[in-house]
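Pulled from TrEMBL:
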type: DOMAIN; residues: 6-150; note: domain 'Flavodoxin-like'
type: BINDING; residues: 12-17, 59-62, 97-106, Asp132; note: FMN binding site
type: DOMAIN; residues: 204-443; note: domain 'FAD-binding FR-type'
type: BINDING; residues: Arg347, Arg379, Ser380, Phe381, Ser382, Gly413, Leu414, Cys415, Ser416, Trp593; note: FAD binding site
type: BINDING; residues: Thr457, Ser512, Arg513, Lys518, Val519, Tyr520, Val521, Gln522; note: NADP(+) binding site
Amino acid sequence: MSGPSLLVLYGSQTGTAQDTAYRIGRQAQRRHLKVRVLPLDGYNVAELISESLVVFVCSTTGQGDPPDNMKNFWRFLFRKSLPVGSLSCLDCAVLGLGDSSYPKFNFVAKKLHKRLLQLGAGMLIPVGLGDDQHDLGPDAVIDPWLRSFWEKVLVLYPSVSNMEPLREDEPLPPSYTFQFLDEETDQTEVLLRINSEQTGPSEFRPFPARMLSNRRVTEPSHFQDVRLMEFDISGSNIEFAAGDIVRIRPQNSAEDVQLFCQLLRLDPDSRFTLRATDDAPVPARLPQPCSVRHLVERYLDIAAVPRRSFFELLSGFATNELERDKLAEFSSAAGQDQLHSYCNRPRRTALEVLSDFPHTTAEIKVDHLLDLFPEIQPRSFSIASSLKVHPNRLQILVAVVLYRSKLFKPRRGLCSSWLASLDPEQGEVRVPLWVKKGSLRFPKELETPVILVGPGTGVAPFRSALQERVSEGKTANVLFFGCRSESKDFYFRSEWEDMMKAGNLRLFTAFSRDQEEKVYVQHRVRENTALLWELMTNKNACFYIAGNAKQMPAAVCDALKEALQQEGGVSAEEAEQMLAAMEKTGRLQSETWS
């Protein structure tokens, strides 16, 4: 290999930035560049001063936060002690992946770009800002951004342009090779691995919590199945406070595992060890050795809607002309609208794609499985209980995702459907989980009021907060709760009524479908402007919003601005500034999801 060495560093929360980073890595391999692709926290950031060419790919999470696997890098990079010109030998580019429905769209990429410039790095091209909200997804930005990047690299490094790139349909070597084992070798090694790696709950060593109950909390006639689930975390050393979240990694259904093994002619009970084809470590979550069933059930994300990279890689196996042409179209920039019509819009899964391309699927070699299919990502749930009220217990409120697209089979959320299928009354059920700090922080002062706006399952973190606050004698609590119907999906009604009777809660409800005109939480906020003004200006109240990111958070903030204008006699601009100041000091916080 000749030419420069490329380093691709990514910060990824849901796997999209990781997928894009590996796509860039494959493009570099096809151009005969030596390339490394690493998570930002898996790289020694002190070595950045000796790198010559780096691409940063990063997403933005929560309210403008960096992903978990780049937080250490983030802290290091923003040290004030770093010299201004310390990265003057570095040529780099930053690609951000975000969602413009959130106020801090691509905040991490923008801030990283600015910081690298401050440290003297040379930016090859402007920062790329991919957007999930675009009709064609982030690829609408990524494709032209990558073209510009490679054009710039070819100008800077003429040796690269002198070499003919590998064809797109030419398969690259697999990242790992599978070595299948006989039964005896296998069992011994599994026992050794289990005994040697006992650590506390974390992503790689979650705690197997026993599910105690899995109760539907919506009326049977209601269209939405919502569950309150309780887990026993005794002996786990897990601690959490109001606002924290629990992470759960789901499993593929037995039906999907069986179909996958049939399509690829794999024996689910066969066992193997993995060997990396370069210096890369074996995935930490896979036992060595591992069964095919374990790999497919717990690791490969076969039930997800596949990304474009899946079709790019799949096309390398195609021998059937019809299938090869269709896969080539789906892999091309010009074919993205067709790919979205086929895959994204109807939410077709990777497993269904394999069924649609039987000749190509029959050609897939087992060594390529970990390149083709991403790892199943953990899902986050707001914890809906307090340890002060429920010691050694952890509760979550889960809306089971089930809907129809143009495809015959209903679409199901992998994690919610898996959790809903578990029945602790039929025998012991254990769910591997771990806890991490959430973005919401509640006031420690006894007298500081809280105003909580949590429609639907957005009320979950506020149940935890109210249980905790009431147990500590904090009685200045206001909750705005909204749902469709008082009789069908009024979560935790009896608990709120008990708190109200005890003088610990003021509750305002909005049941959107119980009358002709729809009523939402923002309407109730508008109706109580005097109370909100009194609590926020005279008692320094903190205001919280949790729930779906689509329209509700913006509508609630608009209602809050109107309250400030109406009661305080301030202008729209001043009201905007007041909210910005509250957000900066932590008195206005939100936790939303799309």
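Sequential numbering from 1, following the chain as shown.
Using the three backbone atoms N, Cα and C, a Cβ is placed for every residue, glycine included.
Checking the binding-site residues (Thr457, Val519, Tyr520) against Ser382 (FAD binding site) with a 10 Å Cα-Cα cut-off leaves Thr457. Ser380 (FAD binding site) and Gln522 (NADP(+) binding site) are 26 Å apart (CA-CA, integer value). Ranked by CA distance from Ser380 (FAD binding site), the binding-site residues Gly15, Arg513, Val521 have Gly15 at the top as the closest. Cβ contacts within 10 Å of Val519 (NADP(+) binding site), excluding its own Cβ and spanning all protein chains shown: 16. Break the domain 'Flavodoxin-like' (6-150) down by DSSP state and the numbers are 58 helix, 35 strand, 52 coil. Ser512 (NADP(+) binding site) sits 24 Å from Tyr102 (FMN binding site), taking the Cα positions as reference.
Counting every protein chain shown, the number of other Cβ atoms lying within 10 Å of the Cβ of Gln522 (NADP(+) binding site) is 24. Tyr102 (FMN binding site) is 24 Å away from Val519 (NADP(+) binding site) when you measure Cα to Cα. Spread of the FAD binding residues is 26 Å (greatest Cα-Cα distance among Arg347, Arg379, Ser380, Phe381, Ser382, Gly413, Leu414, Cys415, Ser416, Trp593). Cα spacing between Leu414 (FAD binding site) and Gly15 (FMN binding site): 15 Å, rounded to the nearest whole number.
Confidence for the domain 'Flavodoxin-like' (6-150), expressed as mean pLDDT, is 93. Cα spacing between Tyr102 (FMN binding site) and Thr457 (NADP(+) binding site): 19 Å, rounded to the nearest whole number.
For Gly62 (FMN binding site) paired with Lys518 (NADP(+) binding site), the C-alpha to C-alpha distance reads 29 Å. When the Cα of Ser416 (FAD binding site) is compared against those of the binding-site residues Ser12, Lys518, Tyr520, Val521, the shortest separation belongs to Ser12.
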